[in-house]
């Protein structure tokens, strides 16, 4: 009993000490990792200071010109206003009403959409086919094909257009001589001229699709393709059921970018059809805006066409961003 009585008081302080918090424990709990809000606010204005030079350049090269484009589209702005002979007046949506009431505008818009769609489909078909071919040839032919494609991609549009015009020239071009077509003019007819421009656009655009899709194919695990082949899948079935779903994010990117690029084609049409073809039969929106603004000095009407193009491409870009978000890509 005495031993127990002596041990009881001796053990009681130990138990109390075990229950009491260690010195400074309350400080550790209070000084834990900073919350998300404090982390976000810790940078302050420093990131914006680093971004300021780039934002100024973007504002000067993009925001201000777009603002001026929209402003001029609401004004009466012709050569008379540019020279100061007449005052500039506000037209509101008058230029847009004139534009949308012109049958030629709708014909040019339809031609632009059809031409851009044909260019996009052809570019994707050629680029994807050559990307698959690159995975099946040896290193040396692959290198030669890559260099040739990148050379076409790096060629300026005006240079490529001039070369293609020479190839199909009715008097000196080798194509007519090889095909035995005599002095047939490829740029005289509307559809043959569009077809010639389409070939040049595809020639200078497919390398981007080819390289991008080829990189995506190389990133697909080889075990997946081997398993599909062992299951008896044909090459077309492997592409359609295995590669295409895995390459869908890449295909979406190259498709949307091709739409934007091909919708804005100017140099090829202007150079190869001599400003839009006979009686404007090969006009697209970019060349149509150029003719209205600079050939006819209707700057406000040309600006309105530019705004319409901007809105169409903005809609395409928004669709592109929505598709990326659906596929879980980080923006």
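Heads up, the Cβ atoms here are built off N, Cα and C, so glycines get one too.
Residues 188-217 are the range that TrEMBL records as transmembrane segment, among 68-97, 188-217. Checking the ranges 1-24, 145-168 against TrEMBL, the transmembrane segment annotation falls on 145-168. The transmembrane segment (238-260) shares the most Cβ pairs under 8 Å with 188-217, out of the stretches 48-67, 105-133, 145-168, 188-217, 299-321. Contact between the transmembrane segment (188-217) and the transmembrane segment (299-321) is not supported: fewer than 3 Cβ pairs lie under 8 Å, counting only residues 6 or more apart in sequence.
When each of 48-67, 105-133, 299-321 is scored by its Cβ pairs under 8 Å to the transmembrane segment (145-168), the top-ranked stretch turns out to be 105-133. Counting only same-chain residues 6+ beyond the ends of the transmembrane segment (299-321), those with a CB under 8 A from a CB of the stretch are 66, 69-70, 72-78, 82, 91, 95-96, 98-99, 105, 252-253, 256, 259-260, 263-264, 285-286, 288-290, 292-293, 331. Long-range contacts of the transmembrane segment (48-67) within the same chain, counting only residues at least 6 positions beyond its ends with a Cβ under 8 Å from a Cβ of the stretch, are 310.
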